[in-house]
Amino acid sequence: MPLNKDIKKVLVIGSGPIIIGQAAEFDYSGTQACQALKEEGIEVVLVNSNPATIMTDKEIADKVYLEPLTVEFVEKVIEKERPDSLLAGMGGQTGLNLAVELYEKGILDKYNVKVIGTSIESIKEGEDRELFRDMMNRINQPVIQSEIITDLDSGIAFARKIGYPVIVRPAYTLGGTGGGIANNEEELIETLTSGLQLSTIGQVLLEKSVKGWKEIEYEVMRDSFGNCITVCNMENIDPVGIHTGDSIVVAPSQTLSDKEYQMLRSASIDIINAVGIKGGCNVQFALNPHSFEYAVIEINPRVSRSSALASKATGYPIAKVAAKIALGYGLDEIKNAVTGMTYACFEPSLDYVVVKIPKWPFDKFQGADRVLGTKMMATGEIMAIGSNFEAAFLKGIRSLEIGKYSLEHKKFKDLSMYELRERVVSPDDERIFALAEMLRRGYRIDMVSKITGIDIFFLEKFRWLVEEEQKLKQSTIDDLNREWLLKLKRRGFSDKAIADMLKVSPDEIYRLRDIWHIKPSYKMVDTCGGEFEALSPYYYSTYEQYDEVVVSDNKKVVVIGSGPIRIGQGIEFDYASVHCVMALRKQGIETIVINNNPETVSTDFSISDKLYFEPLTEEDVLNIIDKENPDGVILQFGGQTAIKLAKFLKEKNIPTLGTTSDQIDLAEDREQFDDLLERLNIARPKGKGVWSLEEGLEEARRLGFPILVRPSFVLGGQGMEITHDEEELTYYLTNAFEKDSKNPILIDKYLMGREIEVDAISDGEDVLVPGIMEHLERAGVHSGDSITMYPAQNISDKIKEDVLDYTKKLALSIGIKGMINIQFIEFEGKLYVIEVNPRASRTVPYISKVSGVPIVDIATRIMLGEKLKDLGYGTGVYKEPELVSVKVPVFSTQKLPNVEVSLGPEMRSTGEVLGVGRNVFEALYKGFVGASMYTGDKGKTILATIKKHDKKEFMELSKDLDKLGYNFIATTGTANELREAGIDAKEVRRIGEESPNIMDLIKNKEIDLVVNTPTKANDSKRDGFHIRRAAIERNIGVMTSLDTLKALVELQKEGAHNRELEVFNLI
């Protein structure tokens, strides 16, 4: 059946900011869906609050509303645009929940908007735990013994009846949020309370634990005529009990018998038919490893993280096909873009193995509880493709960028067998290395399988890898022959791993490979196991025979991607990479992308001329460059992952376009950079590197407190802190030198000024600054965690002139051709430079969208030799728009147990939203709403615990808050000072004192906002840490910067929260 002619204008709801459990996969699926709709001549209206996405670009939708994803604001868009249809399944859990809410509140009926694709009734049957369980019982699909729980007492009673352990699964939440495994009543009370609070309908499913069973997933498609196919099945190497987002996953499944495979496939199709899915659906099963017993865990009646993985693993574009089905097409009418011959009703066939490994953020949260369970904690993931499991798995390990190239990890060498067993039984992000060490020491495979729930098939593969590592370590380079080296390469060993074990350099192994003609061949991902010729140039490396790459003589450029999503290097860099590829293709240049992230738009095979799904290591990148012989490589847009390849590529005489490794060194080496600033007469905060506690204290006395301290070599502000006195500095330096005595600690005078940021473009002669951004929080809060305003609101014309002058001088002196990011501080009327990055930064998507300057496109054309003056955007500072746009960071700390919440010099946010308004107050209010921050709309009781350095400033703000009708609760010191200022304050006892104390008030949700300025962040022994954690875990607003509080006060004084706010189409 062809296109439904009644559908002319479709509203697509995006997924909002990147958070743990909902990452870049929805930018990929949303972009695909929008493009599929536009292909059919349908007008696309997009609502999404996330400015860092490709899907919010003017090329992707006809109208783009970067507005909060709430019923209030989406209704305004519907009222203004009058779409006839709504596509709900492309925006993750956020989009699904919002669609259900719009339906239930009668808004869709009010404006006559039809839901296309999977219906609201089907969504409810998939998402509501009780409806889903009843449906499974009706179609005789086994479910785990369970009960729908809406209050604590009935949960406790049911758990006593079925016995522990039990699993808590909240309804309508994301990534297992609020859920977990409870082994006893005490744990149940804690987990159940959290789950009931965080479920949007106050409902959880309490079920008997089948921890240790295999977890199997099927990705299924169904059209409105009842045609069904399974796109892909996937096997979690980790058993049930670890969230699938935190599990290592392999596709296709490796350990299922044909009977098990067909049994679960049939069950998937029965389920998707019963629920009435129209589009894509993910079905998760628990399978007893010792029998054919299975149970349905849950379904996702939408595109998901798993569907993005299945799309990339097979080449089957699930989101695109789902969008076409929503328009009325049948699977047998939708062409397969990979082959150009077959149709979407053909089930993909895989003749390779795919492995997904999660990327966790624990490097940013040293004190975090790393034990994995039913709550997802990974920020991103990598995918690796190989001709066998071992090859894909080792590619995956080196793709994680954790400095590991094999299964050996030094930290596990000295552990006793008992300690290793504990690390394996309570799995964390490093379990695979502990498990490998157990196998290395000869621990019986059947025993390892028993205690981990990991199938013997995988353990035998790991043991083989470990045994080969041991053989290498007992050998020399002279023992290595062609046959052995070829076997190792076929099983995924990198040159570096082999070299490390033989104690030679990787270049030596590369030389031997060259002599013995051991070069990788590249195979195509074609969806059909080679049965039909494929049109999509989408490749993975193998050391088997037959190469499927056709190398052209065209002018070509390699673009290095940014790898997995992590804190400090998020979706913004994928945005930049994709725009670079688009710009190159417009210029007629063949583009080759290398990346390994299955969630992103850059790894959609339709984006570039060729896609290599490979690790971003020196060897893997060099192999592709050797094969393709490009005219240049672009590193500027792939974040630190790409930039760190600059020196290696220079050594190999491979040309990089834009910034060179020498320019990177000049910007990042402190001494060289200080010399440059001195020559240019540009100020920076005074400071130096110190090697001891005594030297550090002496330097601090010379500079005067407060002092910013940090390790020498850090990314994303890792390990940075502001110290206010000698006691704090001594504490920091003592710990820092204990961790690393081989490198200096950098000590800078901390200037408590206004932070200013620019992304600029230089062609070596002229400089264009698309916009000057102002950070709301003063210097000392990492730029990625600060609220950012454009146009700048509080900067004088003189400072703006200095910003442009310094930017020009730095860009031209460093020799930038392309992009440069500079961060400044304005302190007491003077401008200081604090950081220069000779590459794209995380603010590029934001400033591109709100200034209207296509920054990446221009920077790419400059790298190809064009000049700014010829590109139509002028030079100097670009004209400011009428609307004000505020970028607000979004944090996922609620999902990570025992991690710090407070703002500081180390970045912690995972995503961002945009607020757009006629003035800064309207924009701030929208930003606060979009980021789910406290706005004062629902309650006005503030708990204030303020450090001594901040009390004077807080007292001024509290007077305004008092006038605005806020109530204060505070501990003795702050309460007394509030009363002295004429403000009524209720006194509360400290933690540890008799009830009711601070923690009781938080647990009982008698507080609406916690304002807590930390004395020492990252110190889990302090009361402040526990107050912040307790509040965030109960969805109570927390502000740790008085600048954020001041913004709240200002927008309330201006009445932005009471005003009828417009929504803006940014195209």
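For all residues, glycine too, the Cβ spot is worked out from N, Cα and C.
Cβ contacts within 10 Å of Q284 (Mg(2+) 1 binding site), excluding its own Cβ and spanning all protein chains shown: 20. Residues annotated as Mg(2+) 1 binding site in Swiss-Prot: Q284, E298.
Summarising the environment of Q823 (Mg(2+) 3 binding site), the number of other Cβ atoms within 10 Å of its Cβ, over all protein chains shown, is 20. Residues or ranges marked as Mg(2+) 3 binding site in Swiss-Prot (evidence: sequence analysis): Q823, E835.
Swiss-Prot lists 674-864 with the feature domain 'ATP-grasp 2'.
As annotated by Swiss-Prot, region 'Carboxyphosphate synthetic domain' applies to 1-401.
The feature region 'Oligomerization domain' is assigned by Swiss-Prot to 402-549.
The region 'Carbamoyl phosphate synthetic domain' feature in Swiss-Prot is assigned to 550-932.
Per Swiss-Prot, the feature region 'Allosteric domain' maps to 933-1067.
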Fill in: Neighbourhood of E835 (Mg(2+) 3 binding site) by C-beta distance under 8 A, where only residues 6 or more apart in the same chain count
I822, Q823
Worksheet, complete the sentence: The correct DSSP tally for the region 'Allosteric domain' (933-1067) reads 57 helix, 22 strand, 56 coil
Worksheet item: Could you count the residues of the region 'Oligomerization domain' (402-549) that DSSP puts in helix, in strand and in coil?
Response: 78 helix, 10 strand, 60 coil
Discussion item. Test of understanding: give the count of other CB atoms lying within 10 angstroms of the CB of E298 (Mg(2+) 1 binding site).
Written reply: 16
